[in-house]
Amino acid sequence: MSREEKGLRPIDLARTAGVSTQQIRNYEDAGILPPAPRTPAGYRRFGAGHRRALVTYRALAKGYGPGTAQAIMRAVHDGDLPLALTLVDAGHAALHEQRLSLQAASEALEAIAEQTPDTSASARPGMRVGEVAAHLGVRASALRVWESSGLLAPERDPGTGYRRFSSTDVRDARMINVLRQSRYPLPQIRPILDGLRRTGGSDALRAAITQRQAALTQRAAAMLEGSGRLHHYVTDEEPPSEASRHSRTPASALPDRADRAPS
C-alpha cells in the first residue's frame, strides 16, 4: 500500500508545495483544503484530493491573488460552484479593465506625440482658461469640471485671481480631453496623469506602460493556468500534463481514474 493510500501526513503534503506544516493546517482551517479525516490519535491524514486542492489553490493564487484564490476554493468546498465561477469572472473582468486603461494611456500619448510643432508651440505658459479651451477645442466649463475633480490644478494670478495654465497644465488638459473623447470616466484618468507626472515625461510613461502590459500578459497566463487547474479539480479529472506521465504504462495496468492522483 502506498503512502498516499495510507494517508499523507501534514509534512508529506507540505513538501509537495514547499510550505510549512503549519501552513497546511492554516489552509485546511481557511477552507482552502477540504476537511481532513483524523486518526484515532487525532492526527490529520490527507489524501490525493487534498494534494490536488493544494496544487489548484497555489495555481489560482499566482493569477488571481491569494485572497481571491482562497475565496474560490472555499466556495468550491461549500458546494457553491456559481460563486466560485463568479469570482473567476470578476478576476478576468478586472484584468480587462486594466488593459483598457493602459491602452487608453498609450493612445493618449501617441495622440499628443502626433501633434504638429506649430500646435505645440502655441500652448504658451500663462494661458487663461478661455485661451486653453479654445486651444483644445473644449468648453471652458469642461476645464473647470476637470479642475474640481482634482485632475487639473492651475495657479491663480495673485492680482486678478484668474487661472493661469502652465505648459504642464495644458499638456494634462490635452491628455484628459483625449481620454474623455474615448469615453473614459474621470476616475480612470487620474492614474494616467499620476503616471505622467511621476515618470516625468511621455517617454518614461510609455516605457512604464509597456512593462505593465507585459506584467498583465504574464498574469493572464497565470490566470489561465489556474482556471485550468480549477476545472480539473471540480470535474475530478487529471490535468493532461500529469496524465501524460502514465502514457507509457499499459492501459490494463492503470487504476481507475478516481484512484489516480496528480503529483
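Just so it is clear, glycine is given a Cβ too, placed from its N, Cα and C backbone atoms.
Record features, source TrEMBL:
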type	residues	note
DOMAIN	13-47	domain 'HTH merR-type'
DOMAIN	126-195	domain 'HTH merR-type'
REGION	230-263	region 'Disordered'
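With helix defined as DSSP H, G or I and strand as E or B, the domain 'HTH merR-type' (13-47) counts 14 helix, 3 strand, 18 coil. This prediction places the mean pLDDT of the domain 'HTH merR-type' (13-47) at 92.
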